[in-house]
Amino acid sequence: MKQELIERFTRYVKVDTQSDPESNTCPSTQGQWDLARMLVEELKAIGMEEVTVDENGYVMATLPANTDKNVPTIGFLAHLDTAPEFTGTNVNPQIIEQYDGGDIVLNEQQHIILSPKDFPELANYKGHTLITTDGTTLLGADDKAGIAEIMTAMNYLIQHPEIKHGKVRVAFTPDEEIGRGPHKFDVAQFGAQFAYTVDGGPLGELEYESFNAAEAKITIKGKNVHPGTAKGKMINSIKIALEFQQQLPANEAPEHTDGYEGFYHLLSFQGNVEETKLYYIIRDFDREQFEARKAKMKDIAAALAQKYGNDRISIEINDQYYNMREKIEPVHHIVDIAHEAMTNLGIEPKVKPIRGGTDGSQLSYMGLPTPNIFAGGENFHGRYEYISVDTMVKAAEVIVEIIKLFEQKTS
C-alpha cells in the first residue's frame with residue numbers, strides 16, 4: 001500500500017484545485033474538474049463500477065457487494081479542493097524517508113524550516129516517511145490524502161476478493177473548503193445508508209461533533225466630508241466598525257478558545273470613511289449558545305443603528321451548517337464500528353469535536369449520517385503542511401476494516 005499511496009498522493013497534489021469563494025460555478029475552479037476527470041479514469045481502471053461525474057463535478061463510483069448477506073450500503077467521501085487561503089499552484093512535494101526527528105529544510109533559498117521547536121507534534125513521526133511542501137505552497141493533504149486512501153482501499157478490496165463486503169459507494173466532492181461541498185450532492189443517487197468522510201488530521205481522529213456555523217456580513221455607511229470642514233458633519237464608518245468589534249467579548253475569539261468553546265471571528269475588515277464592511281464567522285457547539293451569539297450581533301448592530309441612524313448599519317446573518325451530533329447519535333453504531341476498526345488495528349481512537357466543519361456536517365442533515373475519520377495530515381492550509389505516509393497506510397487499512405466489520409456484523 002505504501003508505494004501506491006505515495007504515487008497517488010504526489011500525483012494528485014500537483015493538480016491545483018484551490019476553490020474560489022468569489023466564483024458562482026460548481027466546481028468553483030477548473031482545476032477541480034481536472035482532478036475529477038483524472039479520478040474517473042482511475043476508478044474505471046482499478047475496476048470500480050457505476051463510475052460517474054455529474055455536471056457539478058461530483059464523482060461517484062460503486063464497489064459491488066460480494067456477499068449474500070443484506071449488508072447496509074456504506075459510503076466514503078473526500079473532497080477535491082484545497083483551501084483558498086494559501087497557494088496550491090505548482091505544489092512540489094518532498095519525500096523524507098526515515099525522518100530523524102530534527103529540522104526539515106523546506107526551502108534553503110528562502111530559509112523556510114519545518115522544526116519540532118515550532119511544531120512539537122513532529123516528534124511523533126520519528127522514523128516515519130513524511131511528505132512535505134517545498135515551502136512555497138500548501139501540500140493539499142486536506143483532502144487529497146483522503147482521496148488517495150479511499151482509492152487505495154478500493155483497489156485493495158478489488159485485488160482481494162476473499163474479503164467479504166457489502167456494497168460500497170465512494171464520492172469525491174468539490175468546494176468543501178468554501179462550505180459548498182454538499183450543496184449539489186445527490187444523496188438519493190449516492191444511495192448509501194451511512195458514510196464516512198476521510199478528512200481528519202492525525203492518526204486515530206474520529207469525529208462526529210462539529211460546530212454550528214453562521215456567517216455575518218455587516219455594512220456600515222458613513223458620511224465623508226473634507227476633514228478641514230468636517231466638524232459636526234463627518235461620520236466615520238471605520239470608527240463605528242471598531243465600536244462594533246469592541247462590543248464583542250475579546251476572549252471569545254479563535255486565538256483564545258479551544259475544546260467545546262465557541263467564538264466570533266472577524267475574518268475581513270475593509271473600509272474607508274464612507275463605507276466599511278465587516279465579515280465574521282460565528283461558531284458554537286451548543287445550539288442555544290449559537291443562537292445567542294447571532295442575537296448578540298444583531299443587538300449590537302441595532303444599538304449602533306439607534307446611535308448613528310437606522311440607515312447606516314445593515315447586518316445579514318446566514319447559517320452555514322449545524323452540529324452533526326444531533327443526526328449521528330440515533331445511529332451511533334456507525335461511530336462504534338469506526339472505533340472498533342481502529343482498535344482492531346492497534347490504533348488508539350481519539351474521539352473529539354471538530355473545531356470546524358466537514359461535508360459530513362451538512363450531509364448528516366441531508367439524510368446521510370456521516371462521521372469523520374483521520375486522513376493523517378498536519379498543519380493544514382499552509383506551507384508547513386505535511387503528512388506521514390505510515391499514517392496514510394493506517395487510514396486505508398481502517399477503511400478496509402470498517403467495510404469488513406459491517407459485513408461481519410450483518411447476520
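Note that Cβ sites are derived from N, Cα and C of the backbone, with glycine treated the same way.
Copied from Swiss-Prot, the annotated features are:
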type	residues	note
BINDING	His79, Asp142, Asp199	Zn(2+) 1 binding site
ACT_SITE	Asp81	active site
BINDING	Asp142, Glu177, His381	Zn(2+) 2 binding site
ACT_SITE	Glu176	active site, proton acceptor
Other CB atoms within 10 A, centred on Glu177 (Zn(2+) 2 binding site): 24
Spatial neighbours, same chain, of Asp199 (Zn(2+) 1 binding site) - Cβ under 8 Å, 6+ residues apart: Leu77, Ala78, His79, Asp142, Asp143, Gly146, Glu176, Thr358, Asp359, Gly360, Asn372, Ala375
For His381 (Zn(2+) 2 binding site): intrachain residues, at least 6 apart, with Cβ closer than 8 Å: Ala83, Glu85, Phe86, Leu138, Asp142
Rounded distance in angstrom between the Cα atoms of Asp81 (active site) and Glu177 (Zn(2+) 2 binding site): 7
Cβ-Cβ neighbours of Asp81 (active site) (radius 10 Å): 29
Cβ neighbours of the residue listed as 'active site, proton acceptor' where a neighbour is any other Cβ within 10 Å: 26
Cβ neighbours of His79 (Zn(2+) 1 binding site) where a neighbour is any other Cβ within 10 Å: 26
Around the Cβ of Asp142 (Zn(2+) 1 binding site), the count of other Cβ atoms that are within 10 Å: 26
Sorted by sequence, non-Asp142, Glu177, His381 residues with Cβ within 8 Å of centre, Zn(2+) 2: Asp81, Thr82, Ala83, Glu85, Leu138, Asp143, Phe380
In three-state DSSP terms, the structure that Glu177 (Zn(2+) 2 binding site) belongs to: helix
